[in-house]
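Asks: Pasting the relevant annotations from Swiss-Prot:
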type: BINDING; residues: D21, F22, N23, R36, H59, L60, G61, R62, R118, R151; note: substrate binding site
type: BINDING; residues: K201, G293, E324, G353, G354, D355, S356; note: ATP binding site
Amino acid sequence: MEKMTIRDVDLKGKRVIMRVDFNVPVKDGVVQDDTRIRAALPTIKYALEQGAKVIFLSHLGRPKGEPSPEFSLAPVAKRLSELLGKEVKFVPAVVGDEVKKAVEELKEGEVLLLENTRFHPGETKNDPELAKFWASLADIHVNDAFGTAHRAHASNVGIAQFIPSVAGFLMEKEIKFLSKVTYNPEKPYVVVLGGAKVSDKIGVITNLMEKADRILIGGAMMFTFLKALGKEVGSSRVEEDKIDLAKELLEKAKEKGVEIVLPVDAVIAQKIEPGVEKKVVRIDDGIPEGWMGLDIGPETVELFKQKLSDAKTVVWNGPMGVFEIDDFAEGTKQVALAIAALTEKGAITVVGGGDSAAAVNKFGLEDKFSHVSTGGGASLEFLEGKELPGIASIADKKK
C-alpha cells in the first residue's frame, strides 16, 4: 500500500509537527556525528520552502522518562541551525505552557525544536494524553523517523490518531527500497548477513529464505553455524543455546533449495585488540583453543565475491568481522566494495542500519549503494516481514 507523503498535502501557513530521528552521539555538548541530522534536511527544507511553520519532535538516547542533562537536544539545535543556516528555536520542555507559547509565536518559515521526547514517561508508553497535546500544536504530522518505526510511541504512532500523518522523504525512501527487497526482489537475490548474534537474525533468515537464492553468513554468528556442522571453533563467540536452531535453519534452507554459504577460512587472534598476533586458518583444519575468529579470511572473501557476482538484488545486514579494529576490518571492507561494484552494474543494493551503516561510513562508501538504511532494529523487523507500527500509522494514499 502506498503511503501519503509530505508532497500530497498543502503546507502553506500550516503548522507541521515533524517526528525526526536526531538520536545522534553527543559528547561534552557537541554533536559527534551529524549523519542523521543531515538525512532529515531535504524534508525540513521542503516544508520551509512550502511556507510551513515546523516543530520538531525527537528522542536522544535512553533517558528514563525524566529530564537528564546529558540527553538534552540543545546541542542538536545548535548543529541543526548551522546546517540550515537559520536560527532553530529551542524549548527546554516537552509539554506545557512554555511549549504552547513558543508554538503560537512561530512564523512561516521558522523552526522550533522541543526537548527530548523521552524526558516524558508517556512517550514510550504511547500515552494518548501526551499524543493529544502534541497533536494540538499542529495541523499535520510528518513522520520522518524510520529508526523508531518499529516502536509504537506517542510521537510517531499515538499522535496520528488526532491529526493526519504523512511520510517525510527519508521515510518514503526507506519504505520504497525495503519493500522492493522484501516483497518484490529481482533475481538472483543474495542476502549477506553478519554481526554477532544468530538470535537477532533468525526472523530475517526465515523470512528471506522464501525469496533469496543465496544467503552468505559471516561475522561472529558464523561460528554458531560452523559449530552446528561439527567444526572446531576454538574460543570464538558461539551462542550455545542456538546451535540446534542453526542446524534447523540449515536443513530448512536445503529443503527450499536456498544456498547457505559459510566461510571456509577465518582470521584468528587470542585477543580483540589492535596489533595482536593474528593468523589465517582454514575452517576445516579447526580453530585452536584459546584463539578466536575475528574476521572472514581471504579465501572466504573470494568465495563471497563469486557468490555475489551475478546478483541483481543484494541485502547486507551485519559486518563480517570486528571492523572497528583495522586488523579485523578487511573482510567487511572487501564485501562492502564487492556489493558497491554491483550497484554500479545496476543491481539494487540495500545496507541495513546499525553496524553495517557504520562500516560503510568508515570506508567512505556511503554513496555507493542504492540505499543505506537509517534504522537498525526497524530495518531488521521490516525484512522479517513484520508490519511496523510507525509505518502503519501513516495515512494511505487514496486510490
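In case you wondered, yes, glycine gets a Cβ from its N, Cα and C as well.
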Asks: Take the C-alpha atoms of G61 (substrate binding site) and G293 (ATP binding site) and report the distance between them in angstrom, rounded.
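Replies: Distance (Cα to Cα, whole Å): 32 Å.
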Asks: Closest to D21 (substrate binding site): which of the binding-site residues K201, G354, D355, S356, going by Cα position?
Replies: G354
Asks: List nothing but the one residue from D21, E324, D355 whose Cβ has the fewest other Cβ atoms within 10 Å; the candidates are the binding-site residues.
Replies: E324
Asks: Could you measure the widest C-alpha to C-alpha distance across D21, F22, N23, R36, H59, L60, G61, R62, R118, R151, the residues recorded as binding substrate, and give it to a whole number of angstrom?
Replies: 18
Asks: Of the binding-site residues N23, H59, R118, which one has its Cα closest to the Cα of G293 (ATP binding site)?
Replies: N23
Asks: Same-chain residues six or more away whose CB lies under 8 A from the CB of N23 (substrate binding site)?
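Replies: Long-range Cβ contacts: R36, S58, H59, L60, G61, G147.
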Asks: Give me the Cα-Cα distance between S356 (ATP binding site) and R118 (substrate binding site), rounded to a whole Å.
Replies: 26
Asks: Considering the binding-site residues G61, G293, G354, which residue's Cβ sits among the greatest number of other Cβ atoms within 10 Å?
Replies: G293
Asks: Tell me, by DSSP, whether G354 (ATP binding site) is helix, strand or coil?
Replies: coil
Asks: Three states by DSSP: which one describes G293 (ATP binding site)?
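Replies: DSSP call for G293 (ATP binding site): strand.
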Asks: For G61 (substrate binding site), which of the three DSSP-derived states applies: helix, strand, or coil?
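Replies: DSSP assigns G61 (substrate binding site) to coil.
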